[in-house]
Each structure stands twice: as structure tokens, then as C-alpha cells.
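A.B. asks: Grabbed the feature section from Swiss-Prot, which reads as follows:
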REGION    1-95  region 'Domain I, interacts with DnaA modulators'
REGION    96-112  region 'Domain II'
REGION    113-328  region 'Domain III, AAA+ region'
BINDING   Gly157, Gly159, Lys160, Thr161  ATP binding site
REGION    329-455  region 'Domain IV, binds dsDNA'
Amino acid sequence: MLTCNDCSTWEQFVNYIKTRCSKTAFENWIAPIQVLEESSEKIRLEIPNIFVQSYLLDNYKKDLCSFVPLDAEGNPALEFVVAEIKRSSPLVTPSIAKPATEVSEENKDFQLKLNGAYRFDNFIEGPSNQFVKSAALGIAARPGRSYNPLFIHGGVGLGKTHLLHAVGHYVREHHKNLRIHCITTEAFINDLVHHLRVKSIDKMKNFYRSLDLLLVDDIQFLQNRQNFEEEFCNTFETLIHLSKQIVVTSDKPPGQLKLSERIIARMEWGLVAHVGVPDLETRVAILQHKAEQKGLNIPNEIAFYIADHVYGNVRQLEGAINKLTAYCLLFNKPLTETTVRDTLKELFRAPSKQKVSVESILKSVATVFQVKIQDLKGSSRAKNVPLARQVAMYLAKTLITDSLVAIGAAFGKTHSTVLYACKTIEQKIEKDALLKNQISLCKNNIAIDSPQHFV
């Protein structure tokens with residue numbers, strides 16, 4: 001296959017990679033790439049976004065050098081065109097600031113209190129978080145020059161804070177002269193209250209507005225705090241105007257937060273990325289990684305057994321490993337399925353009597369597609385809403401035993417509209433890898449609310 005004379009250079013590379021990566025990775029990152037022009041000196045490719053370019057070069061640069069033409073420096077001679085804007089972006093290695101020998105005196109106040117365990121190299125990737133990790137790595141390499149702000153949202157314990165701190169570590173190590181601050185929303189509010197009390201609000205404003213990178217965790221705690229929201233929004237706008245990078249995390253997408261339209265619009269300026277519930281294979285990888293850190297040898301079959309029963313979030317998986325490690329060491333017990341079952345019986349989810357509901361489907365779809373639940377039930381034709389509404393109907397027909405008439409009534413539509421939506425989505429997922437992945441994320445989120453249905 002690799003020596004087929006009828007295959008172009010790019011096709012040979014694609015055929016080679018297809019046998020060496022997962023089906024999901026191939027469909028999400030390689031399949032969407034289109035060849036615009038190919039010659040013996042250069043290949044011009046169309047990509048859906050800049051993160052596909054980063055993923056391709058970060059993971060397959062060595063393989064690319066074996067197939068595609070090379071430039072004078074020995075790098076793949078590729079030129080990328082982002083599909084959305086049709087603007088050529090010649091391949092250039094990101095210019096990383098050279099590490100300074102020491103941090104200057106004026107920057108010592110900006111030293112970070114980051115979790116040393118939260119780095120990119122120990123963040124376990126899977127279909128549910130591959131895009132958001134690539135996005136975070138992309139903005140860390142080029143702060144203020146990619147998507148700004150980066151808004152990361154997802155449920156509890158899925159890795160949002162890990163990625164936030166990973167950005168901080170990466171920028172601190174590669175851009176040592178940049179001023180960085182990582183803070184929770186509650187800490188920001190407390191900081192503001194303190195400076196108001198001692199009448200030094202200008203000092204606080206000067207501090208935040210002199211930053212090069214602001215990392216804010218749990219922005220949802222800004223809800224229903226209008227005065228604090230206004231000050232945060234002013235700081236936010238100032239930094240964006242100065243091309244300073246901002247990364248924000250939340251448990252909900254911007255449109256679902258009870259914040260002013262002004263700040264929601266600012267949050268949606270850049271890139272909104274969702275961290276989904278990890279699938280089975282990713283949970284197994286997380287378990288094995290955590291076990292290795294604890295010095296616990298966990299066989300594959302045991303890892304799969306645990307992952308099949310503990311699937312809410314990463315923190316629960318880590319808790320399972322901690323408990324198993326302690327039990328095996330204290331009682332000198334071997335790690336068997338019986339040991340796991342006895343030790344983790346409180347963590348294992350009891351069979352749920354709850355069925356999948358239209359509301360749980362709407363909640364999941366709204367989160368993944370970044371739309372409002374009320375829009376899914378209405379007739380809005382705003383961006384992303386019609387497709388998201390069809391996906392919700394498709395999932396309802398797939399996961400709920402109700403009649404098409406009943407499902408249609410839940411959406412305020414007729415049964416024929418539901419049927420049309422289902423047929424449309426079925427056709428699209430055959431060709432659209434991104435949509436297929438989004439639907440998979442929706443199902444994973446729904447499974448957390450209605451686990452028994454997915455057993």
C-alpha cells in the first residue's frame with residue numbers, strides 16, 4: 001500500500017498513519033484535511049482550524065518527513081489554509097521566547113502558585129478532550145496570538161483546572177519574561193473586596209492590567225454578583241484590547257451562565273471548548289497512569305473492570321486508585337476482581353432506575369453545541385441551533401422508547417419533523433467526523449445522568 005505508484009505523496013502518508021492511530025484520532029484530526037495542491041516541492045493543505053495543524057506537526061512531524069517534500073531546514077514543506085477564512089498560513093515553527101537566565105526583580109510578584117502535577121505531558125488524551133488540549137497547547141505556545149480568550153467548560157473533575165495550570169506551567173517555562181497570574185474567581189472577588197476596604201483599588205487595577213496572561217478558574221462563581229462582574233469585565237476588556245491572553249474555566253458554556261450579555265459576548269469572542277466525560281478506553285488509560293504514579297501494578301482486565309463501573313469523572317478514578325493502593329499495602333492483598341469489588345463497592349454506581357429524559361438530552365446537547373436549552377425547544381435559526389436541535393431529536397429517538405409523536409411534543413414539533421431530523425443526522429454522521437464525535441460526547445454526558453440505560 002505504501003509503495004503504490006498510483007497514490008500521491010499525501011495519500012501514502014495518510015494510508016500509513018491510518019494503520020498507526022486510533023479510528024477516532026484519524027477521523028477527528030487526519031480525515032478532515034484536504035489537499036489543495038501538491039508538487040515535488042510543496043504540499044498545500046486545507047484544514048478546519050489551526051489546531052489540526054498543531055496536532056499534525058506535534059504528533060507526526062517525523063513521519064511527515066519520510067513522505068512529504070522538505071524545505072531547506074529539513075522541515076515538512078507544507079502550507080496550511082484554514083477553511084473557515086480561506087486565508088493562507090504558511091508553515092512556520094512557532095517562535096518561542098528563549099528562557100531568561102533568571103526572572104527579573106519586577107516580575108517576582110507574579111510568581112505562580114501552580115499545581116506541579118498539572119502539566120500537558122501527564123494529561124491523558126481521549127476523544128472527549130483531544131480538541132481542548134490541543135487548543136490549550138496552541139495558545140500556550142503563542143499567548144495572545146491565537147484564540148483569545150480560551151473558554152474551557154465541562155463538568156466537575158474532568159480536567160479543566162489541569163489544563164488551566166498546564167498553560168501556566170508551559171508559558172512560565174517557555175516565556176519567562178511574561179507576567180502570569182492564576183486565580184480562582186472567589187479569590188478575585190476576595191482580592192477586590194480587600195482593595196475596596198483599604199481604598200487601594202487602583203493598585204489592584206494596575207496589577208491585573210499589567211499581566212500578559214490571566215488564568216481564571218470557575219468563572220461561574222461570578223454569577224449574581226453584578227458589581228464584581230463589572231470590574232472583572234473591565235479588566236477582561238483591557239487585557240483583550242492589549243492582546244494579552246486570557247484563559248477561563250467554567251462548569252457551563254457562556255450562554256448558560258447567569259451573567260450580563262456584555263460579559264457573555266466577551267467570553268464568546270475567542271474559542272469556547274468543551275471537556276467531555278472520558279470514554280472507557282480513556283478511563284482505563286487514566287487508571288493505569290494514576291496506578292503507575294502510586295507504584296501499583298494494575299492488570300488490563302482489572303483496569304477495564306474498574307473503568308466500567310466508575311465513570312463519573314477523573315477525580316473518582318483517582319480516588320479508586322488511592323483506596324486500592326492503601327488496601328493492598330495495608331493488608332498485603334493481591335489486586336484481584338474480588339479485591340476491587342469489595343474495596344470499591346461504595347464507589348461503584350448502583351443500578352439506576354432513572355431513564356433517559358428529554359431534559360437530560362437537551363442539557364447535554366446544549367452544553368456540547370454551546371446553545372441555550374430554550375432555543376432547542378423553540379424555532380430559533382441562530383448559529384448552531386438548527387443542527388443541535390436535530391441532534392437532540394435524533395438522540396431522543398435513539399435513547400427514548402417514547403413514540404415520535406411524544407418526542408415531537410417535547411420539542412414543540414410534529415412527528416414528521418422528528419423523523420426528518422433523524423434521517424438528516426444519520427446521513428451527516430456517515431460523512432462528518434466532527435459531528436459524530438460531538439454526538440458521542442453528548443451520549444457520554446447523558447450516561448452520567450442515566451447510567452443504567454447504557455449498561
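Using the three backbone atoms N, Cα and C, a Cβ is placed for every residue, glycine included.
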A.B. asks: Write out the long-range same-chain contacts of Gly157 (ATP binding site), meaning residues 6 or more apart in sequence whose Cβ is under 8 Å from its Cβ.
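C.D. replies: Set apart from Gly157 (ATP binding site) by at least 6 residues yet with Cβ under 8 Å, we have Gly312, Asn313, Val314, Arg315, Gln316.
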A.B. asks: Between the binding-site residues Gly159, Lys160, Thr161, where is the Cβ count within 10 Å the lowest?
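C.D. replies: Candidates: the binding-site residues Gly159, Lys160, Thr161. Fewest Cβ atoms within 10 Å: Thr161.
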A.B. asks: Under the DSSP assignment, what numbers of helix, strand and coil residues are found in the region 'Domain IV, binds dsDNA' (329-455)?
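C.D. replies: In the region 'Domain IV, binds dsDNA' (329-455), the DSSP-based counts are 86 helix, 0 strand, 41 coil.
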A.B. asks: Along the region 'Domain IV, binds dsDNA' (329-455), what average pLDDT does this model show?
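C.D. replies: The predicted confidence over the region 'Domain IV, binds dsDNA' (329-455), as a mean pLDDT, is 82.
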A.B. asks: Using the centroid of the Cβ atoms of Gly157, Gly159, Lys160, Thr161 as reference, list every other same-chain residue with Cβ within 8 Å of it (recorded ATP site), in sequence order.
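C.D. replies: Neighbours found: Gly154, Val156, Leu158, His162, Leu163, Thr249, Val275, Asn313, Val314.
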